[in-house]
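Undergrad: To start, I am sharing the structure in question, which I have written as structure tokens.
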Amino acid sequence: MATKSTGGIEKTKSTEVKKKLNVLIVDDDPSIRRIHEMIIKTIGGISQTAKNGEEAVILHLGGASFDLILMDKEMPERDGVSTTKKLREMKVTSMIVGVTSLAGQEEERKAFMEAGLNHCLEKPLTKDKILPLIRNLLGA
Amino acid sequence: MQRQVALIKQSLFDQGYLDEQFMELEELQDDANPNFVEEVSALYFKDSARLINNIDQALERGTFDFNRLDSYMHQFKGSSTSIGASKVKAECTTFREYCRAGNAEGCLRTFQQLKKEHSTLRKKLEHYFQLARQAGPKETARRPK
């Protein structure tokens, strides 16, 4: 079952509504989901999690949308490549970042990128790795 | 007591049980989530016990489906990397090399070593977190405001 961590909109003193970065974390590993949740929280974003690609697709079919999707590659039910392809077919325009432990496996990384990723990062994910992409996203 | 906790943690790094990724997790810990690292460790040990069980069952069958074993170990390695479990990660790498070489005996031997390292790390971290809780919050657990 997908889980949501916190609410999305906060008001500043000037009454201007400041939208928080809304992130979907898709990974079958519970410890990695928790780590990524915390990384997103510390950089001021909010997150939901999905245990596999199928849950991620179901969330989107239910009308959910995200600024950023962190996508694992190897997952049961539906893997990262299939999920990314499906989301792009569904016209999902979120930034999708693959997060994978495929160092040195260039062919597999290329296939993952070609599925529709915007970027691919190597595990373990850290704040330093994700921040430049988020700055880019918020600046766009 | 804080000093004892710090010494125990340092020894885990010095003896190669943990690497810098563990420190990355500690950097994420804050006042709102003071037990974050312990929480992540608990999730890791719970899920990795499941993976160990899957691999044990696969090896007991004796048929050695190296692709399936490699897939389990890929998952285990990714998980171990994310919490900084350095020795466990190294055994995962060795196991995967034996899978690729189709070396059943190597896989069995390495898996025994992996289980040993995993169990040792669990006990050492449980001891560390227990002491850390007794010692109370420390400055390094807080993020600068």
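Glycine is treated like the rest: Cβ placed from N, Cα and C.
The feature domain 'Response regulatory' is assigned by TrEMBL to A:22-138. Feature annotation from TrEMBL assigns 4-aspartylphosphate to A:ASP72.
Help me picture where these features are in the structure shown.
TA: If you average pLDDT over the domain 'Response regulatory' (A:22-138) in this model, you get 93.
Look at A:ASP72 (4-aspartylphosphate): DSSP puts it in coil. Listed in sequence order, A:VAL26, A:ASP27, A:ASP28, A:ASP29, A:ILE32, A:GLY80, A:GLY98, A:VAL99, A:THR100 are the same-chain residues six or more apart from A:ASP72 (4-aspartylphosphate) with CB atoms under 8 A from its CB.
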Undergrad: For the domain 'Response regulatory' (A:22-138), what does DSSP give as the number of helix, strand and coil residues?
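TA: Its residues fall into 53 helix, 24 strand, 40 coil.
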